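What Swiss-Prot records for Cys287, His338, His459 is Zn(2+) binding site, and it gives sequence analysis as the kind of evidence. Positions annotated as region 'Editing domain' by Swiss-Prot, on the basis of sequence analysis: 1-143. According to Swiss-Prot, the feature region 'Catalytic' maps to 194-490, 195-490.
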Amino acid sequence: MRVLYIHAERFNWEPRDPALDIRDEPTSGNANNALVVFTSVERGDVPDENFLRAVASDIIDVAKKVKASAIVIYPYAHLSSDLARPYTAREVLNKLFEVVKSQFNGEVLKAPFGYYKAFEIKCLGHPLSELSRSFKPEEGRADRRAEERRDYYVIITPNGEEHDPAKFNYANYGDLKALVEKEVFRKELGGGEPKYLEYLRKFGFEWEPMSDAGHMRYAPEATVMMELVEDYSYIVAKSLGIPVFKIRGTNMFKLSEKAIESHARLFGERLYIVESDTDLILRYAACFQQFAMAKDWVISYKHLPFGMLEIADSYRHEQPGETVLLFRLRRFYMPDLHIFTKDLKEAMEVTYKLHEVIFREIGKLGRTYVSLYNVTEGFYKNHRDYLVELARREGKPILVRVLPGQKYYWVLNVEFHIVDELGRPREIATFQIDVGNAQRFGIKYVDENNQIKYPVIIHTAILGSVERYLYAVFDTMAKMEKEGKVPRLPTWLSPVQVRVIPVSKENLKYAISIADVLEAEGIRVDIDDREETLSKKIRDAETSWIPYIVVVGSKEEAEGVIAVRERGGGQYKIRLEELVKKLKDETRGYPQRPLYLPRLLSQRPSRF
């Protein structure tokens, strides 16, 4: 933040034309014997109370030294070339005004933000009448650290005992220990190159070098995996046993909309801004679209609870050096489910089932979660038994972070972490109980007494983002390899489920007939018709992690059977209909997608 102090005998201003979509009411004003604070809010400035107290303290100190009887906060964009976004600047100026007003024993005024203004000023011309300052948010950092220390952590066991994380016995809880070291004691995460990164290339998960940092591209194998997870997220959402409405919408929203602006402020500087005729933000989750739609629905208490799901392309401006393939991205896909409930009691009841499904789904990968429950102090005091019940359902201790104050739109924010092959906690799934956004966006329902009420909203990503779910899948493969096992993707998620390899050209027709049958059953199958040796074809299929390799020669054709090499499961001969049944059994309850590649390997470019 840059400021110019002018001690003025008199100062007046009058708004003329709007300069921004985001603006205050156009009020005129004047002051005598005033310290005029021309203020430019810069990128990186935040509406943090400790930072603003530091700025206000300097303003008031100067006002006292020059014996000013009034202070005027005047938005002035011409002191810096690195300005904050309008919504941030406006919030910072408004909060600075409130802090100065609460501490200065005199008149405090503020000129409106977002206008071209005419002003007249008469500077008093003494040695302290013209001063400049530059402030950085770091100046309030020590106070912020002290405020953060008012947050506290406890470990709650399934029988309701409460423990200090520093004194807890972690002998049987290695994953919890890893989470506590990261979250409570801020220890550095384990180093080293994660093994899963080696796997991604073969499936076509890559950075896009011609885009912004943190943006990926997805080859055909990666694309089918992504879309299968997207499809599966809807199946999982419906398994909650409530009505679920799947929607689609835009990824850009106007910052001039009050609800959008106030919600965006909660997210801070990680926003993607698009400069057009008006300032737009790229959504960081599906909240904006779903809430904008729900506010137009006529909802009765009889409809609740219900869910809205969108596979939202989401944008978060992560630091370039922090982006990681599949895990921390600037653009990703979020199967974002919002569940609308009558009140907090019903929301808590719904989350019991939600909690069960979240653990069920990670369990299907052979993994489990270690949980961090972020709660407001009021929720913790009033609903501690609810947290104990969730710990009981998990069958192990949970970490709880208690946050004082009411500065959050949620009362509960749960993070579900796996511990990766390097021993690092990695958040995958989540849910929140939101008590603020229904009112912010004007989402209402009519209760049984014909009264208008605001629903309590559960935000959840049951599987996590699409990419993070796949990250968990590939990290599981890394753990398998570390344990000396053969990594094997779930059959439903394998880009190619069966590869048919004819021993010779004479067997190609039979191979095609086998592929036709499998394809008709919704199985993703391809044929290696290249002019390569049989051993190389088998080796390439194994390197590609194909779950089932079918080798057919003249003998198999004569006998009407197929020779199968199952990944991690040996070799055997069976009839084709038996293989179809086996694949159907393995993929029951999961979505189907066709092959996104030419069926014949000879038709693929060398990248494949």
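Cβ from N, Cα, C; glycine included.
For His459 (Zn(2+) binding site), the same-chain residues lying six or more positions away in sequence with a CB closer than 8 A to its CB are Ala285, Cys287, Asp336, Leu337, His338, Trp410, Thr430, Phe431, Gln432, Asp434. In the region 'Editing domain' (1-143), the DSSP tally of helix, strand and coil residues is 45 helix, 55 strand, 43 coil. Same-chain residues that are not part of Cys287, His338, His459 yet have a Cβ within 8 Å of the Cβ center of the Zn(2+) site turn out to be Ala285, Ala286, Gln290, Phe291, Asp336, Leu337, Gln432, Asp434, Asn437, Ile457, Ile458, Thr460. Taken as a whole, the region 'Editing domain' (1-143) shows an average pLDDT of 90 in this prediction. If you draw a 10 Å sphere around the CB of His338 (Zn(2+) binding site), it holds 25 other CB atoms from the protein chains shown.
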